[in-house]
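> As annotated in TrEMBL:
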- 1-84: domain 'CARD' (DOMAIN)
- 636-666: repeat 'WD' (REPEAT)
- 705-746: repeat 'WD' (REPEAT)
- 841-871: repeat 'WD' (REPEAT)
- 897-938: repeat 'WD' (REPEAT)
- 938-981: repeat 'WD' (REPEAT)
- 982-1014: repeat 'WD' (REPEAT)
- 1024-1065: repeat 'WD' (REPEAT)
Amino acid sequence: MEERARSCLLRSKATLEQDIKASYLMDHMVSDGVLTNEEESRVREQAAALLEVLLRKDNRAYISFYNALIRESYGDLANLLHSDLPLLSPEGERSFGILSEGGVPQRPVVFVSRPALLNLIREKLYRLQNTPGWVTVFGMAGSGKSVMAAEAVRDRALIKECFPGGVHWLSVGQCERADLLVRMQSLCFRLEQGQSSEASQRPPCSVEEAKERLRFLVLRRFPRSLLILDDVWDSSTLRSFDIQCRVLLTTRNRGLADSVSGDFEVPVESGLDEEKALEILALYVNGKPHKLPEQARSIVSECKGSPLVVSLIGALLREFPDRWSYYLRQLQKKQFKRIRKSSSYDYEALDQAMDASLQVLEPEHQDLYRDLSIMQKDVKVPAKVLSVLWDLELEEVEDVLQEFVNKSLLFRDCNQRPYHYYLHDLQLDFLIEQNRDQIAELHKKLVRQYQKFYNERPPSPGDIDCSYWYRFLPYHMAKAGLSKELYSLMFSLDWVKEKAQFMGSAHLINDYVEYGEILDKEVRLQFQEFLSLNGHHLEQRPFPDIVQLALSQPACSEVYRQALMQAQKRASRGRLYLDWVNKNNQDSLSLLVMHPHQGSVYYAGFSKDGSKIASCGANKALRVFKTTSGEKLLELQAHDEDILCCSFSPDDRYIATCSSDRKVKVSFGEEHEEQINHCQFTNTGRRVLLATCSNDKFTNTKNTMFGHMEPVNHCCFSPNDAYLATSSSDGTVKLFEVSSANEWKSIDVNSYFPESDDEIKAIVKCSTWSADGSRIICAARNAVFVFDVKTSDMLLEMKTSRLSTVQYCHACPNSSLLAVALSHYTVELWNFETSKKKAECNGHLSWVHCVQFSPDGSLLLSSSDDQTIRVKVAFEQSCCFCLKVLEVPSGKTSQTLTGHTRTVHHCQFTDDGETLVTSSEDTTVRVWKWRTGEYLVLEGHKEPVRKFHLLNNSTSSHMFSWSFDGTVKVWDLNRGQMLQDLECHKGAVLSCDVSSDRHLFATTSADRTAKVWSNASWEMTFLLKGHKDCVRSCRFSWDNKRLATGDDNGEIRLWSMLDGALLKICSRDTKDSMDSFHGGWVTDLQFSPDNRVLVSTGGYIKWWSVETGEALQTFYTMGANLKKIHVSADFTTFVTVDSIGILYVLKKVEGGSL
C-alpha cells in the first residue's frame, strides 16, 4: 500500500473503529477479492481487527474499503480517505472489478459459509478449466443456490486459472420469450461496453439473434470466461444459452441437467443444518452460537433450515434481542397455512417470519412495503421508480429501502449504480397473497404517480428509470384494469416511436400479443401490421421517421390517421412528408395466413403434389392443412419436446418429424444422442430414404455419414437424389454420395469470411440445390453463397442486411428465384443468377425460421416465431424482346413492335408522339414509326445500350446514347446518322445528362469517375474524382450551377459547374443495413424547380437538402432496385415502380415547403 494511503488509515483509525460495522463492509471486500474467508472469520465484528488486516494489504484493499464505506452509507467516513486514494495498475484494476463488472451479487447482510458445498462447486468449476461445459447447482427454492454460486467465484485463484476472461452473471427466472430477450439484451449490452462497432449499439431484435451475438462476444472478446445463469426454469430457455462456453447454472429443476452436454451436477440440500442456522442467528445478535438462549434451536427447527427465514428472524432479533420466546411463538402459530394455496411453495415458517418482520416496521413503512406487491419476479427496480411511486425524494426512498435491506425484507444489487432492489420469489409470493384484494389498486397507484410525474414529457434515455417504464408500464396498466389508459398508451404512435427507439420493435409486438384480449382487436391488428411491415426499419440507426413509415399504412388504419395528423402539423412548420396515395389499390402479397400453433412455428413444408402443408413447432404437435383454404386435416401430438422439422415422403403417404427429444418419427422411431435439427425424404420414389441430421455431428440416412466436427444443422438431397448436402456449425458444406455414404466434396464456407478465426466459425445454417442440380446454395451469417457443384468454385455471393442473419434459404424448383428467411422478420427474394434482390416480403411479427417454394414454384411458404404460416405468390420477372404501345386509359394494345434480339431497356416518344426510340442489350438503338412498324437501326455501339437522351427542338432532332463500351454517340434521328463518336471513359458509361441550356453534358462510368463535356467543342471540361464505386447516375440542376452524381455505394456528391469543385457529400456518415448509403445503387436523381431539394432512388427514395446535404425524408418501398422516378413540374408528386411491379404515387403532404 502506498505510504500516504497507509498514513491516512492510521490518522483516521480511531474515528473508523468507533463508527463502522465491520461485517457489513467485509461482505463487499470479500466480493472484491481483497479479503479471504479465513481473514473474514478472524476479524468477525471487530473494526480494529479489520483495520489491522487492511494495513498489511495493497492499494486494492484501500480502494475496496473506501467503496464499501460509500455503499453502506458511511459517506462522511469515506471523505476522510478520499484525498489519499492510490492509483491501480491496469492489471490490478482488471482483477479488482472482475466480479462487480460481471454483475455477481454481493453477499447477503449476514453470510455463513458452507465449506463442503462451496468446495464441491469449485471442484466442478475447475473441470471447466480447459473445455466448455456446464455445472448445474440444483435445489429447492430458498435453499441458498444463488448465494453459494456467487460465493464460489469469490476465489482469485479459480478466476485466474479457469476464467481469466471474466465472470458474467445473469438472473433468468421464470420468464416468457420477450422477457428472456430483455435479459439477453442486457447481457449483450454489458459485454459490448467499450466496443465501437455500429452493430453493437443496436440491441438484438430476437432471442436467436441475441444467442448468436452472445456466442460471438464470448468466443471473441471473453474467451475462457464463465457465464452464470441464475434460477433457470425450463430447457427451452437453457438452449438459448447453448453457445459453446463455460456455464454455471442454478435451477430448481434437476431434470434440466439432462438437456445439456458436458454437465457436472451439484445438489444443494433443502435447508441449513442446525449448526449453520445457529451461526446465522449468532451473527445477527453479535453473539456466539453456544451462548444463544434455549429457544434458538426451536426457532431453527421451525424455520426448517431455510436461510431466508432464519435471516428474517435474525434481523428481528438484532433489533429486539429479548424477544426469542415471542418470535418462536409467532413461528408456531401457523396462521398463514390457508393463504398459500395458490403459491408454488408451502413455506408456513416464511409467512410467519415475514409477518413478524412487518409488524416491527413503522405503520407508514408497512404501507410502503405493501406497495412492493406489484414488483415482478426476477426484476430489479431502480430506487427512482419507487421515488415516483411514493412521491418522496430519492434520498428518503433510499433510506427506507436500506431499512428493508437491513431487516432482510429486500435485497439490493450493488453492481448497478444507482442501486437496484428486488424481492426473493418467496417474499413476493407472501406479499401478493397478503394483499390480493388490493393488487389492482396498488398497480393503479403506480400508474397515476407515473402520469403525474411524467405529465409533460415521457421518460428519456437520460432518466435512470427509463428502462423500467418502457418495459413495464403496460403491464401495470393491465393489472390495474385501466383499459382506457392502456388503449391510449398502446395505440399511440408516439409511444411506439419512443419504445421502439429505446428497446426495439420485438418488445412492442410482444405487448400487443400479451394484452391482445384487453385491447380493441381491429386497432391492435393495425398496429401489429405496421410493426410487422416496418420492424426491420425500426432496428436501424439513425432511427427512421416513424410518421413517414406510418403514412404507408391503409387509409382506414388508426396508425395512418395519427401519422397524417402529425405529418400535416409538422409540414406546416416546413417538414417534408409524402403520402402514398394509391396504396389502397395494391393487393396483399399473402394469399393465406394461418395460426396453427401456440408457440413458434419452426418449419412448414408443402406435400409433393402441393395440395397440403405440414407444420410443426414449439407446441410439440404436427399439423397438416389444405394449401388452398387452410382447413386442418390432421393433428398429432408427436413428440415430448419442440418439433424442429417435418417432411412428406415422395408419395405423400408419410410425414417424418424430428425433435429436441432426440427422436425421429414416421411410422417407426429412430433416436440420436443429441437434438435432431432437420429431416428430409428423397425427392423421387425410386428409392425412398429419409435423411436426418443432429447436434451429434453426423447425418443419418440408411447409413451414418461422418465428417463434420460440429453439429449438423441441415441436410437436403440433390434433385436426382444422387447426393446429400449437409450444413454444419463447423463452417462447411459437405456433399455425400447417397449410394455409398462416402464424402464426395467439402466446401469451406467459413473461409469466405475473412474476420473468422479457428475459434469462431461461420455457422452454415442450411443449403439448397438449384433446379438442375449444378449449383449448391448455402446460407451463413448475413450472406448466401452459390457454388458450382463440379468444381466447388464460388460463383457469386448475395449479402443481405448486416443487421440480420439468414435463417433459411430455398431455391425455386423451376426458376432462378431464391427465397431467404431473415432474423429481422422479413423474407427476401433474390435472383441467384444475377445476384439481384427482387423483393422484400414483410408481414411476420417475429423471426422467420423457414421458407419453401411449392413444387411448381408458384407459391412461397414462410413460418415464424409469431405462430403464423404465410402463403404468398412467388413471382419472377421475364425478359421481353418486343415492345407494346398501349392506349390510355383503356390499356388496349395499339401496336406490337418486334425487331430487337435482346432485352429492351429504355423507350421514349419524341415530342410529336409519332416516333418511338428504344435501346437494347443487342447493342442497337432503333427509331420507330410506331404506327406502321417501320424503323431505323442505329448501329455503332459494341456493348449493350442501356439508355439515351433526346434533344428535341424546332430545328433538329438529336440524341445522345451511351453504352458499356465506354462511348457516347450523338445521332441525327431524322437521317439516322452518327454525328459524334466520343470515347469518354475506360469503363462502361452508365449515365449521361445534358444541361438545360445545352452547353454541357455529363457522363458517369464504372471507372468511378464523372466527366463534364462541352457541347460546342466536344472536349472535356471537368474530371470529377472521389467516388469509391461505379458512378451510376447524374443530373444537372435547373440553373446549371450544380451537378449531382450517385454511385453504387449509395453516395451522392454535389459538384460546382463553375470550377468543378466538390460542394457536398450527402449522407456521408450513416450507412444503412445493406452497407450502403442508399440501400443499393443510386439509379436516378432529380432537382426541384428551385434547385433547393434533390430526390434520389436506390433501394428506396430519399429527399435531400441541396444546401446542407442532409436527408429531409426517406420513403421505403416494398421491392428493391428502383430504376427511375418521375416528378411533377411543381415537385409535389413523385411516381416510381419497384422491382416487383408495385406502383407508387407519392404526394407531398400539404402544409410543407420545399
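Glycine too: its Cβ is placed from the backbone N, Cα and C atoms.
TrEMBL entries are annotated by machine, without manual review.
What's the neighbourhood like for each of these?
Regional average pLDDT for the domain 'CARD' (1-84) in the model is 79.
Proximity of distant same-chain residues to the repeat 'WD' (636-666), defined by a Cβ-Cβ separation under 8 Å and at least 6 residues beyond the stretch ends, is recorded for 235-236, 239, 600, 602-603, 605-609, 612, 614-618, 620-624, 672-685, 688, 690, 692, 694, 700.
Only residues 6 or more beyond the boundaries of the repeat 'WD' (705-746), in the same chain, are considered here, and those with a CB under 8 A from a CB of the stretch are 674, 677-684, 686-687, 689, 691-699, 756, 761-769, 771-773, 776, 778-780, 787, 789, 792, 813.
Among residues of the same chain six or more beyond the repeat 'WD' (841-871), those with a C-beta under 8 A of the stretch's C-beta atoms are 177, 206-209, 506, 509, 513, 528-529, 531-536, 589-606, 608-610, 613, 615, 617, 627, 807-815, 817, 819-823, 825-829, 1118.
Below 8 angstroms of C-beta separation, residues 879-885, 944-948, 950, 952, 957, 959, 961, 963, 969, 971, 973, 976, 978 of the same chain, each at least six residues beyond the ends of the repeat 'WD' (897-938), sit close to that stretch.
Same-chain neighbours of the repeat 'WD' (982-1014): 943, 946-947, 949, 951, 960, 962-970, 1020-1025, 1027-1036, 1038, 1040, 1043, 1045, 1047, 1055, 1057, 1060, counting only residues six or more beyond its ends whose CB sits under 8 Å from a CB of the stretch.
Residues of the repeat 'WD' (1024-1065) grouped by DSSP class, helix first, strand second and coil last, total 0 helix, 22 strand, 20 coil.
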> When you scan the chain for residues with a C-beta under 8 Å from the repeat 'WD' (1024-1065), skipping those not six or more beyond its ends, what do you find?
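Cβ under 8 Å, 6 or more out: 987, 990-997, 999-1000, 1002-1006, 1008-1012, 1071-1072, 1076-1087, 1089, 1091, 1094, 1096, 1098-1099, 1104, 1106, 1108-1109.
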> DSSP says what for the repeat 'WD' (982-1014): how many helix, strand, coil residues?
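When I sort the residues of the repeat 'WD' (982-1014) into the three classes, I find 0 helix, 19 strand, 14 coil.
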